[in-house]
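Asker: The signal peptide annotation in TrEMBL covers 1-18. The domain 'Scytalone dehydratase-like protein Arp1 N-terminal' feature in TrEMBL is assigned to 88-199. The domain 'Amidase' annotation in TrEMBL covers 324-391.
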Amino acid sequence: MLGFIFLALAALPAFSQASQLAGHENYARDARRSLQRSLKSEKRAASEFSFDPQIITFSVGDKQYLSPTGSAFKSHSISEKWGLNDYKGQTLPVTVIQVDGHVTCDVLGKKVETFSSVDDVWDQSFMSAIILTTNSSFHVASDVAGCVKGWGGSLIIKSGEATSDVADIGLAAVDSGFIPQGPYIAKIGDGITLTQVYRSYRDEAQAFTTAVLATEQNTFVPLSAPVLGLNTLSIPVPSRLYYRDLPNARPLEGRRIATKDLFDLAGLKTGGGSRAYFNTYPPRDATAVSIQRLIDQAHTTGLTTPLDLTRESTSLSTPTDSSSGGSIIDPASVQGVFGLRPTWNAISLQGVIPMQATQDTAGFFARDAVAGAEFAKGWYGDRFNNYTQLPPTLILPNDSWTFPDGFAGTETFETFRQSLISLVQPSDIDGRSFEGFWNSTGTYDAVGGQSAASYMNTTYANLITYYQWHNFGAQWFEDYASQNDGRTPFVDPSPSTRWGWGRNLTEAEFNASSTEKQTWKNLIDSQVLVSDNTSCSSSLVVYPYGLGNTNYRNVYRRAPGVPFGFGYPAQMSGVPQIIVPIGQIPYESTVSNHTEYLPLTVTMFAANGCDYVLWDLAARLQETGIISSVAAGSVPYPDKV
C-alpha cells in the first residue's frame, strides 16, 4: 500500500518576509504527485515495451566515439542527385564543410587545420568522405582530389549550386538544407542520413552520476555505453564545430554543460546523489526552469550530471549540499577555477531539490573569466543591474591581507592587491572586515554586545536543517517507507546528523534564526555593500580565500556534526560572491611523493544585483594580464611551473 503518498505536505515555515522564496518550495509535493501519476499508469505501462536508443560506437586510435541513431535524435536527411550508386549500403565517417567561391586544396587545408585546433571531437579519420555545402555557390578546383586522397578520403559530395574540375576520385551531388559543419556518420541508401558524433571521455575521477543525451522531444536519455576503465562512465561531448559560424547564433550556442544532480532533467530521475532517493521517484516530467533556460540559450547536447563529493560517499551522497552553503564558492576555490554564487533569486529554482528557500541560488564554474562573464549574461539575462563606472570604494580587510612569515603565496597576493588597486583606482580603501563593520556601525550594541560570529553561531545550522527536513526529508522518508515495508532510507552521516538536529527544532527557533539572518542582511545592504545608481555597488569587498592548504582525502576525520559557526556572509545577505584564481604554490604531496600544485584564490563581493560588476572586473583582470585563464588538469598554470 502507498497510503502515505496522498498525505498533504506540511505547511511552509513562517518567514519574516513572505516574498523571500526561491521557486522550489513545492519540490517534494511535485515529486509525490509524479509518483502518484506513475502508480496510476503502472498497469498500462506493464503491457508496453521500451528500448534503449540505438548507438553506433567506434574508436579511432585511443579516441572513443558514439553516434546515436533513430527518430529521437538529431539527424539530417539528404537527397541524392547522382553519383552514390557505388556507395549504397555503406556507413562512412564524413566531414561537412561549408564553402563558397573557388574551393582549392589550400582553402580546404586551412579549414582542416582550424577544425583540428578548435575541436577535440573532429579527427582526420572523418575525411574518408567530405560533403561540401554552401549558402551561395562554389567551384571545386582540380587539385582538391589530391588533397582529399592525402587525408585518406575517396569521395567528394557536392551540395547546393556547385561545379567542379576534379577527377580520379568518387564524386556525387546531393540536395540538402542547412547542415552545420563538422564530423558525422553517414548511412548511404537511396539518399544519405547523417547522425551527429560524440567523443566519449572516461570519467576517471568518477565525478559524474549520469551521462545523458538530448532528444529531439526536449527530453533526455541516460547513456549506457561504457568505456574501458575501472567503474568508469562514458561522458559524451558533441563536436564544437556544429555550433561555429551558425546564422542567428544564440548567446550560449554549443556550450558544454555539466549540471548538479539536484536539477531535474525531463525523462531522467533526479537522485540528489542518493541511491535511495533515486529509487523512490519516477523520472521527471519537466526540466528545471534554470536548466531549460540554458538549453534554450545554448542548444547544447552535452549535458551530464556530476556527483557532489564534498561529503561522505558511502551511498554516493544524500541531497543536502546546494548553493545555500559553500557548494559554489568552496569547490571553486579548492579547484582553482572561477565560481559565482549569484545574487539570491537570480533565477527560478523550480525543479531543483531544495535546501533552504531564503538562501538557495544557482551559480556556476568557469575556467576563463571572459567566457564566464559571457555565460553569466547569457544565462541570467537582464536580471542584474547596470553600471557606468566601477565602485569607488575597495574594502580590503587588513586582517585577511596579513600573512604568516614564510608563506609561499605572499608575493602573489600582494602583487594582485596592488594590481587590483591600480586597475580599479578607488577613491577610498577601507580596511575593515565584515566583523569590523558589525562592531563599528552599532549592530554589535543593538544585539546586546555580541560579535557577529557569536550572534549567528547557530543561524545557518538552524535554517538549513529545519527547512530541508520539513520541506524535503520528511516527505521523502514517508514515501520511501510506503514502498519498503516501513523501512527508513540509508542516509549518510552528515545529512543524518543535520536532519536529526532540524527535526528537533521548533518553528519559533527557525523563525528566530530567520530574524538573525535579516539583521545581517540589513547591515550589509545599508553599511557595507550599498546599491548605487552609477556604480551599482558603492564598494567591493575583496580578500584572499584559498591559501593553497592541503586537505588530504585518505585520512580519517572527526565525526560529522551540525554546521555551527558563521562562515558564509553572502548566503546570509543574498549578495553575489565570486571566486577568482590568481596563482598557485607548490607542495610536496605525501600521496604521489612528487611536487604538486595548489591554487591561490581571492573572493569578491558586490551589492545585491551587481553580479555583472564582479564578472566584468574579473574579465578585465584577465584581459589586462593581471590574472589568466585556468588550464584543465592538475596544474592550474602549467606554463608557470
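Any Cβ shown, glycine's included, is placed from N, Cα and C.
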Asker: What are the DSSP helix/strand/coil residue counts across the domain 'Scytalone dehydratase-like protein Arp1 N-terminal' (88-199)?
Answerer: 26 helix, 50 strand, 36 coil
Asker: Which residue counts does DSSP give the domain 'Amidase' (324-391) for helix, strand and coil?
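Answerer: Counting residues per DSSP class in the domain 'Amidase' (324-391), I get 22 helix, 8 strand, 38 coil.
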Asker: I'm checking region-level scores; what's the whole-number mean pLDDT for the domain 'Scytalone dehydratase-like protein Arp1 N-terminal' (88-199)?
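Answerer: Residues in the domain 'Scytalone dehydratase-like protein Arp1 N-terminal' (88-199) carry a mean pLDDT of 96 in this prediction.
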